[in-house]
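Engineer: A single structure is presented below for examination.
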Amino acid sequence: MNSNRINNNNIRQQQQQIIDGQQLIQSRSSIYSSDGFSCSSDSLPAPLLYQRNSSNIVEFEQNQQNIHLNQNNNSQAQTNLAWDTFRLLPPEPDKNNKANLYIIFLQILKLLTFFVLFIITLSSSIISKLILLVMAAGLGQSGKNISICPDKIPESNENRVIISPKNAAKWAWALLLSLCLPELFCFARSLHRSMFRKVRGLAFAHFLIMFTVESAHAFGLGALTFRIMPNISAITILQLANSLCLIPSILLLFSRPINRWLPLFLLIDTSAIIAQLSAFIWKKYFPIDNFIFLCTFLISITWWQNFMHPKSFFPLTRFFAYYATKIRECRSKAYLIISPWKCLIFTFCMFQFVPSNNVSINYLLQKDPFGEHLITINAYNLNQTQLNLFQKRMEELQRINEGYSKYQQQILTPKIKLNRKIVEEINGLINGTKNNFKNKKIIVERKIKEKIKRERRKVEKKEDEEEEDVAAYNIYEDRIELNQFTTAFDALWLAFIQIGSSLICQLSAKFACKVLMQRMGLALPVFLSVPISIILLSNFCQKRAKDSCYLNDWISKELFWKCPSRSLTWNRFWREFPNILWLGWWLSQSWVTIHIWFPKQERLAKSDDLFLLGYFDGVFPEQSISLDRRRDDKIRIRSDEIETEDEDDGNGSTHTCESAASGNSPRPTAGLINATSVSSSISNTSQRELPSSADTICKIYVCATMWHESALEMGCMLKSIFRLDEDQCARRNAQRYLKIVDPDYYEFEAHIYLDDAFELNEHNNPIPNKFVHQLLGSMNEAASSVHQTQLQLRTPKICITPYGGRISYVLPGRNRLSIHLKNRFLIRQRKRWSQVMYLYFLLGFRLTLRVSDNKRRELLAENTFILTLDGDVDFQPECVHLLVDLMRKNRRLGAACGRIHPRGSGKINKFFDYFLKRYNDLVSKIRICCWALATKSYRTHDWSEKPFHYVQYDQGEDRWLCTLLLQRGYRVEYCAASDALTFAPEGFKEFFNQRRRWIPSTMANIIDLLQDYKNVVKVNDSVSIWYIAYQLVMLFSSVLGPGTIFLMIVGAISISFNVDTRLALLIVTIPVVCFCICCLTCSTDTQLLLAQIIGALFAMLMTAVIVGTSLQIQKDGILSPHSIFLFTVLGSWTFSALLHPLEFLCLLPCGLYFLAIPCMYMLLPIYSLCNLNTVTWGTRENNTVF
């Protein structure tokens, strides 16, 4: 027993010596890893190691086995001892997951979003069609005597109105607005893109094709609206809306690619074409003009580009597919001419076809078509009793009217303007009636007459006609005339509502496509829109036939849809042949637009990638959206093209030491990982020269930089990497075993760059320092926390590199993690040079040297991203997916930054500062920050050839990278949904040192951007002169900020304490001057101590300022300038907090933020400018290992 203890002690001593000596070397022979680094001990002076040879590694492994065997024997002997109650507890759970209540709330919100998008898209499309049809019916009623609700003359069972052509002319202009406003929106959008973005030049041949197609579409749409719609029933127009797919159905037949389903598709496409032509084939059964088929044919031409496939079996289709691609690139400039031209065609159609509806051009050109117009309500076949009742009611209304105000009198007794000729005829009729019926009590004329400036009825307009006093109503022998005015601008408001409904329908459908809710938010509403509209309109017509007052509370009495001659019942519907034809149209449209049921686009895709034309159609909104939706002819990845490693041969990357569910289990023998499968897949990928669809797989390189982080901070970042590894492994297994293609599948590799990783021993040889041991010690703990079981990673591969050393792990998900240890005696330290390292490695070596084919290199660069992290960032895999989605939306997007949330126990105003200020900087593209995803596609541009000053580069490397991206023409965007946690300064000293580094670097990058503003505006489509002006204002505000705060404090002291301004100036000047002198002469610790003292004094002064401001507000009222300014600021903060309920508590430190205004905006800039000579990092300068 004693001999075993001695052997165990000797083994432990040897093991400790070997571990101390073998941190960075395995052998003197070169080892080439899969990433291309040559790991050789001859590449740099070797540190003092314990017998550097390969036999030590074998001896180390044998000793490890003996230790485990002895431990297992001892554990077996002591398993049943009663006093041995200690067990290895399960790892602490990962607490970075969202709360269950929050997840449930998001799921409920998602379900509600599905329902709301469905309701909005469906209802807006139905409202748009119904309003358009009622406006067309109003135009078709010109010159007709229609029956209305008998509520104006209730003494009669029927009231009738003759619609004058002058009154009907307003509906023609309303229809013209519904046609032209969408084109004006398209013109404004094209103008904005042409002015602020780079748009490809316009070729004459391409413009000629677009001009011809759009002109034909405009003529067909205008003719259908002004000639056909006013003359046929509204239900027939709804049915015709499904017959606009003739050209798309024909082109769909010829655009089919060759595959095994081609015969079946051709058969169904032929049936769809026959269905679209059915009304023309059986036109004797369809009671409409043949001119309508010309209109539907011309309307359907505009969507020809969406039904051209580059891999069609028909050569001519492939030729036009090439032209369609070229036309899309120059569409913006073309529509600057085409959109106004289409408005002219619509106007021509109105003047050409509207006169056929009894509305002459003179009525169309009247001065105020949307104003009030006189209508005369007539009641016929009345007896004497009914006439007396009407007279009595009017007299009672007159007596009530006499006590009202002048404005109300004008309402009850409207002023009417009539022609002198009409007045003379009416007076003659009245006089004749008096002479013939002088013994009868017949009221022939009312005395309620007033002078007005309107007309009763337009018979023949003359310039010399004079205004006369006329009767508001007239009673004749057996009839009554009641003169009233229509509502002013009613047609204009209906036109705006119709256009707004069409616009909402398009926006809702676009949003549904972007958030992957297309089936519920677009496909299903389009499928149901026309049938539901027909059902509703049939119901309206049936109820209107029974009750003439139906819907009078919603629309004018004289306005209603043009209903069919016979009511449409369910039984009669299937017996009428035109309805059977419509059913064929509806099914054929569903087949032609079947692609909207199977979306394949990425999340948050741009509108240009989702829709072909992009503008909305005010007449047929749902048909235009469905036919305009792109057919997603993209290259798809097959599951057999995804490279996965071979079956697990037992050399996994981890072993389970103790499961939380199963209890104790023996510790496995440690050994070197055999990463052949991992490296082989990478090498095979690099050796392939020709591009394939597998190259479109997203590849993410996680590059984290560390500088003296604590164990807690390192653990948070490692947990994030293990979460990403777990997520990728799950997706890879689904690809491998289930043979499915995950659209979010990605490949993942992590790199950690550890600055200042070595220290010198007593022999002046470099050895790993405490931060290296701390990082390696955190690996197993982080893995166990994420996987919720005790895990121990296998022994990593260690090699010496020219910059220090590298430790390579294979993670539990079989992804690779490389820890690069930087020796400050061999390579420059700090984060900026770590960025240079991994950019040269990934962009220069991995991409440029390994891939020679330019097309494949471009394809790989488009789908390869670098996730840049600080050493304390904590994030979830879904946040990375959001950044990838944002990057894939725009090829010109150079980097995307997520949202940063601070963590820590300090109560410095960092929470409030991160809540508003940091987010504003991210949105304004000032900085990329510590949580960003960059693309490899900017690889072809060189970085700066000559160094600028140290402040811009090393003190603000993220801002400098952002400035370089903007100067090279790339966008930098901010994704608010992608969250990450980072540790913020918790003490005053660390906070001041951090901001001391930020302020000069921010100003330096702004100055650099302003100096090169002409080139930036020229090469960058996303940067306009207004953005440069904003940055100039920010620079001036930063320079003038300390002086402004100084003067504000002087004024606040003078007002609050009622002292002389000169005395207040002296009170504020003394501490500021003292602080300036201290910053120029004293040490950093003394400066920070004095800053804390002066900051506390100014905070007390600000407290007094708050009290004085409150008293001033109480004295002057809430409308004083002080009150308005204060409440505006507080209101903006509160509104921002309400929009982010999960971060509402971040608003609480705003009081501390207010007290720290002098310290933040006056003392801190002074401290930063006076310490420009200090080049230290400012944070984590002397961290200790915990």
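Cβ coordinates are placed from backbone N, Cα and C, and glycine is handled just like the others.
TrEMBL: automatically predicted annotations, no manual curation.
Copied straight from TrEMBL:
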DOMAIN    100-344  domain 'Chitin synthase chs-1/2 N-terminal putative transporter'
TRANSMEM  101-127  transmembrane segment
TRANSMEM  171-191  transmembrane segment
TRANSMEM  203-226  transmembrane segment
TRANSMEM  232-254  transmembrane segment
TRANSMEM  261-282  transmembrane segment
TRANSMEM  288-304  transmembrane segment
TRANSMEM  334-354  transmembrane segment
REGION    638-668  region 'Disordered'
COMPBIAS  651-667  compositional bias 'Polar residues'
TRANSMEM  1032-1057  transmembrane segment
TRANSMEM  1063-1082  transmembrane segment
TRANSMEM  1089-1113  transmembrane segment
TRANSMEM  1119-1139  transmembrane segment
TRANSMEM  1146-1167  transmembrane segment
Engineer: For the domain 'Chitin synthase chs-1/2 N-terminal putative transporter' (100-344), what's the mean pLDDT in this predicted model?
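Structural biologist: Mean pLDDT for the domain 'Chitin synthase chs-1/2 N-terminal putative transporter' (100-344): 87.
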Engineer: Excluding the flanking five residues on each side, which residues at least 6 beyond the ends of the transmembrane segment (261-282) place their CB within less than 8 Å of a CB in that stretch?
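Structural biologist: Sequence-remote neighbours of the transmembrane segment (261-282) are 243, 245-246, 249-250, 252-253, 288, 290, 293, 313, 577-578, 581, 584-585, 587-588, 591-592.
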Engineer: Any chance you could find the range in 101-127, 334-354, 1032-1057, 1119-1139, 1146-1167 with the most Cβ pairs under 8 Å to the transmembrane segment (1089-1113)?
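Structural biologist: Counting Cβ pairs under 8 Å, the winner is 1146-1167.
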Engineer: Given the cut-off of 8 Å on Cβ pairs that are 6 or more apart in sequence, determine whether the transmembrane segment (1063-1082) and the transmembrane segment (1146-1167) share at least 3 such pairs.
Structural biologist: yes
Engineer: Between the transmembrane segment (1146-1167) and the transmembrane segment (288-304), are there at least three Cβ pairs closer than 8 Å, leaving out pairs fewer than 6 positions apart?
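Structural biologist: Per Cβ check, the transmembrane segment (1146-1167) does not touch the transmembrane segment (288-304).
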Engineer: Report, as numbers and ranges, which residues of the same chain sit near the transmembrane segment (203-226): CB under 8 Å and 6 or more residues beyond its ends.
Structural biologist: 136, 139, 172, 175, 178-179, 291-292, 294-299, 301-302, 304, 323, 326-327, 330-331, 334, 337-338, 341-342, 345-346, 348-350, 352-354, 617, 619
Engineer: Please indicate, using numbers and ranges, the residues of the same chain that are 6 or more beyond the transmembrane segment (334-354) and have a C-beta under 8 Å from a C-beta there.
Structural biologist: 139, 169, 172, 175-176, 179-180, 183-184, 186-187, 190-191, 194, 202, 206-207, 210-211, 214-215, 217-219, 221-223, 225-227, 327, 361, 364, 615
Engineer: Under an 8 Å Cβ to Cβ limit, what residues of the same chain, 6 or more beyond the ends of the transmembrane segment (288-304), are close to it?
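Structural biologist: For the transmembrane segment (288-304), the list is 213-214, 216-217, 219-221, 223-224, 227-228, 232, 236, 240, 243-248, 251, 279-280, 320, 324, 612-613, 620, 624, 627-628.
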Engineer: What same-chain residues lie close to the transmembrane segment (101-127): Cβ under 8 Å, and 6 or more beyond its ends?
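Structural biologist: Answer is 497-498, 501-502, 504-505, 508-509, 511-512, 515, 517, 520-522, 524-526, 528-529, 532-533, 536, 621-622, 1142.
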Engineer: Do any residues of this chain, six or more beyond the ends of the transmembrane segment (1032-1057), have a C-beta under 8 angstroms from a C-beta of it, and if so which?
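Structural biologist: Result: 999, 1002-1003, 1006-1007, 1010, 1064-1065, 1067-1068, 1072, 1098, 1101-1102, 1104-1105, 1107-1109, 1112, 1157-1158, 1161-1162, 1165-1166.
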